[in-house]
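Novice: Okay, here's the structure, questions in a sec.
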Amino acid sequence: MAEFLANYGFLIVSMVLGALLGLSLYLPLMTGQLSLASPGFYALGGYIAAILSTQVFKVSGGLFPIGLVLLEMLIAGVVSGILGVVVGIPALRLRGIYLAIATIAFVEILRILSLNLDITGGAVGIFGIPQPFQTPLEYLWIALPLLIVSMVILYRLERIRVGRAFTAIREDELAAGAMGIDPTYYKVLAFTLGAILAGVVGALSAHFLNTWNARQGTFDASIVYLTSVLIGGTRTFVGPVLGGMVFTALPEVLRAIADTAGLPLWLAQFLRDGRLIIFGLLIVLGTIFFPQGLVTPDLLKRQRHK
Amino acid sequence: MKKSTFLGSALLLAFASLLSACNQTNSGPNATTTANPSAGAVSSNSIPIGIALAQTSNVALLGQEGIQGAKIAEKYFNDKGGINGTPIRLVVQDTGGEEAGAINAFQTLITQNQVVGIVGPTLSQQAFSAGPIAERAKVPVIGASNTAKGVPEIGDYVARVSAPVAIVAPNSIKAALKINPKIEKVAVFYAQNDAFSKSETETFQQTVKDQKLDLVTVQKFQTTDTDFQTQATNAINAKPDLIVISGLAADGGNLVRQLRELGYKGIIIGGNGFNTSNIFAVCKALCDGVLVAQAYSPEHPNEVNKVFRTTYVNQYKKEPPQFSAQAFTAVQVYVEALKALDQKSKVTAMPLPQLRTELNKQILAGKYDTPLGEIAFTPVGDVIQNDFYVAQLKVDKDGNNGKFAFLK
């Protein structure tokens, strides 16, 4: 067990972070808004933590205090939240594919900024980020509670008035407006909540990855997380959590399977080198056979009635 | 409808297995040593050395060149008797192009494959991410293609055999001045989204200033760009006598092509990104005459390089690229350090943590005669290398055959 944890500690935490990012994409989707801005806020949160921990909070020797990490996460959350409102109000006047394009543009702007500013270290990025923990696995102390709290909040959110309003807007924005729901308010709210979550996760990831640069949270990353949410399921928060975890783990699981003793050489070779082909194949098959995602509300209901 | 989707997936599967079959044949006689998960401590029958390079993603070209070099080294040193009779065994893990991939590969190599040391990762940015993992686990790492500032400083266990850009790059400007002493105005281009090009251009610009040349313009582009008309025109309007480009093969090659098409006649210097034969496919005859500084020359006269070069040419039908030579060198450093250690006390009998620590000390203490020439390490683990080269691209008129011709 200890060996397993040492081996896969990094992956387990990555899976939790993947699930959190999935949730941050799911929040705007609750109101039916296809936003790809989450990775931008993720990158922003990471830069905030990276800059603060390497330049502002100078800790000499030993481990970086956990309190400061939490403070960075708080600051990242607040900044992302404010920026979320500022970006959300104009951007959310757009719908569907136009909103997606606008949010991609937002992510690009942040990326180009980080490439050109001195404080973000240009293309090399920021390295030597101090560590609050001895082993990667210990990041679970922060990541897991964060995931549980987010899931509890989302569980409640789906059942109170605000969440119902989100769903109403998702199903039919005009009808929801006619019922007295202010679509702009709720859409910006959902978008901002997603932004805050992404920013907080980014701040933690910067420490977790030891280094932060402009390649984090790019357009490619948006697509990967969007895929994981869509395959996981977009109708209940369990879907993105599952999808985020599975899709973060998949390339590494395939690597582990490839290392199993006794496999024919060509199969092991294929599992190792062709990991991404299998990854793509699963996405194609997933969208064909599970158009609603793996986890749908019906599925959860059926489980309950058994 | 259902039937056709099944058909589609079946086709995809067939295609995928075909691809894997291609991979198989390509690996040639030196088939991959499969990772052995059950390997405990260093067994008496082989000593595992980890190779964490990119086999997938957009940096796979560089990673694969590295793996080719490492595999040649594995066979060469095992044929010579390995570590005083015990063969070495390479365990290859793919890092992909991402930071997380590099950490996962390192983690697997350290805890599961139980390697004595690691060669890699491919990118400097990945090194910043995965280096601390090895540092904490006290496992020696030798970077074979990390040239950014700060890599050896990650920790005591992180070293590199790839000379930093600050040392390699200025040589090509000096060579250009030798060819044309009248050079005054210099235009600089760089790919601003590439970490390597960014740090390389800083070195180039500093050299230009140190040589009392006039830096007339600095133009930025992205590695993903294909159209450089604006930047090229801007630069040509400043009438430079010399153009210095830091970019990767695809974008840099296209930039050279467009500069020549727009009528620029002066000397062009390419950065380390041009250091691959893939460049010839991009700019064909138009990149004839481009100068590139290199940390490796296939013509280096020592014995080990002659064998390396011959093996590489026989296997891949072209001259060995720099990354292959550097990966070979990294494996060689492990082999020679292990040999030296083995003479003091049997390495196969040593517990793994102790072996890793001792090995790291031995690596930094030794001197090695490698394909790169004679090298040693500074106390922080940066490479001390004596020989650097400047090559000029020579391409046929029809643009089909290109090679790097080394300037004296």
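Backbone N, Cα and C atoms are what each Cβ position is placed from, and that goes for glycine too.
Curation plays no part in TrEMBL annotations; they are all automatic predictions.
Found this in TrEMBL, in case it helps:
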- A:6-27: transmembrane segment (TRANSMEM)
- A:39-57: transmembrane segment (TRANSMEM)
- A:63-89: transmembrane segment (TRANSMEM)
- A:96-119: transmembrane segment (TRANSMEM)
- A:139-157: transmembrane segment (TRANSMEM)
- A:188-209: transmembrane segment (TRANSMEM)
- A:276-296: transmembrane segment (TRANSMEM)
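Could you place the listed features in the three-dimensional structure?
Specialist: Beyond its flanks by at least six residues, the transmembrane segment (A:6-27) meets 35-36, 38-39, 41-42, 135-137, 139-140, 143-144, 146-147, 150-151, 154, 190-191, 193-195, 197-198, 201, 204-205, 208, 225-226, 228-229, 232, 234, 237, 239-245, 247-249, 252 of its own chain at Cβ-Cβ distances under 8 Å.
Outside the transmembrane segment (A:39-57), and at least 6 residues removed from its termini, the chain residues within Cβ reach (under 8 Å) are 21, 24, 64, 68-69, 72-73, 75-77, 79-80, 83-84, 103, 106-107, 110-111, 114, 119-120, 125-126, 128-130, 194-196, 198-207, 212, 214, 216-219, 221-222, 225.
Sequence-distant contacts of the transmembrane segment (A:63-89) (same chain, six or more residues past either end, CB-CB distance under 8 Å): 37, 41, 44-46, 48-49, 52-53, 57, 106, 130-134, 141-142, 184, 187-188, 191-192, 194-200, 202-204, 207.
Below 8 angstroms of C-beta separation, residues 227, 229-236, 238-239, 242-243, 247, 250-251, 254 of the same chain, each at least six residues beyond the ends of the transmembrane segment (A:276-296), sit close to that stretch.
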Novice: Using a Cβ cut-off of under 8 Å, list the residues of the same chain at least 6 residues beyond the transmembrane segment (A:188-209) that approach it.
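Specialist: 13, 17, 20-21, 23-28, 30-31, 33, 35, 37-50, 53, 64, 69, 72-81, 83-85, 87-89, 91-92, 126, 129-132, 136, 139, 142-143, 146, 150, 162, 166, 216-217.
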